[in-house]
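Now, the feature entries from Swiss-Prot:
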| type | residues | note |
| --- | --- | --- |
| SITE | Arg17 | site 'Transition state stabilizer' |
| SITE | Lys24 | site 'Transition state stabilizer' |
| SITE | Arg150 | site 'Positions MEP for the nucleophilic attack' |
| SITE | Lys206 | site 'Positions MEP for the nucleophilic attack' |
Amino acid sequence: MTRKIIAVIPASGVGSRMQAGLPKQYLKLQNKTILEHTLEIFLAHPDIEKIVVAVAETDPFYPQVALLDSPKIQIVFGGETRAHSVFNALQVIEDDSWVLVHDAARPCLKRSDLDKLLQSDAKHGAILATPAIDTMKRADGDKIMHTEDRSTLWHALTPQFFPTHLLKQALISAFEKNLTVTDEASAMEFSGYQPRLIAGRSDNLKITRPEDLALAEFYLTQNTEK
């Protein structure tokens, strides 16, 4: 059965750790904003019917992004957290669809990783992730408590891919219980689901700090595959 697939891009964050004068999704790499690089990945994919972008209601920058005028893109206003922004986006998406949630500040996603995720047959959804390679320490303040077994640890990436109606229900349940939702998979986990891990590429980085910009620009320069 063919699935109806909608992408959601939460883009209402302020990116305070970037120490920049504007939200990080509007910083430029190769003469395009980070948001434009991200949107182009999904606009180019034939299986994605629509993209819903959640922006801050007071955001003065998004009207200047010409790509947001695409007929495939719908703008909604975000909420107080990333999870609330995603939930607001889900309100304009049909329950019988599947939703693909991706960070606005991950412009280096490869088409091959996106295809691999979309081909997953996990009925409760799946996420891109990378196995932990570094030694992982459990801390108490700035002191090491012990070393974690990294063999079962993964770094969660995006996109994250779920049946829309299940993700809506999971977010509502998490909000009602005042749980901290750091990504969509965590909301699904709180509701008892076990989304599948799909091994992705480590160059699908999230631009968070100033030093990430040069690395992202390098990856984009090398990335001839969308």
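Backbone N, Cα and C atoms are what each Cβ position is placed from, and that goes for glycine too.
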Quiz item: For Lys206 (site 'Positions MEP for the nucleophilic attack'), what is the secondary structure state per DSSP, taken as helix, strand or coil?
Solution: coil
Self-check item: Pairwise CA distance, Lys24 (site 'Transition state stabilizer') versus Lys206 (site 'Positions MEP for the nucleophilic attack'), rounded so that it is a whole Å
Solution: 11
Practice problem: Go through Lys24, Lys206, our recorded sites, and report the one whose Cβ sees the most other Cβ atoms within 10 Å. | Solution: Lys24
Quiz item: Cα distance, Arg150 (site 'Positions MEP for the nucleophilic attack') to Lys206 (site 'Positions MEP for the nucleophilic attack'), nearest Å?
Solution: 21
Quiz item: Can you name the residues of this chain that are 6 or more positions from Arg150 (site 'Positions MEP for the nucleophilic attack') yet have a C-beta less than 8 Å from its C-beta?
Solution: Pro131, Ala132, Ile133, Asp134, Thr135, Met136
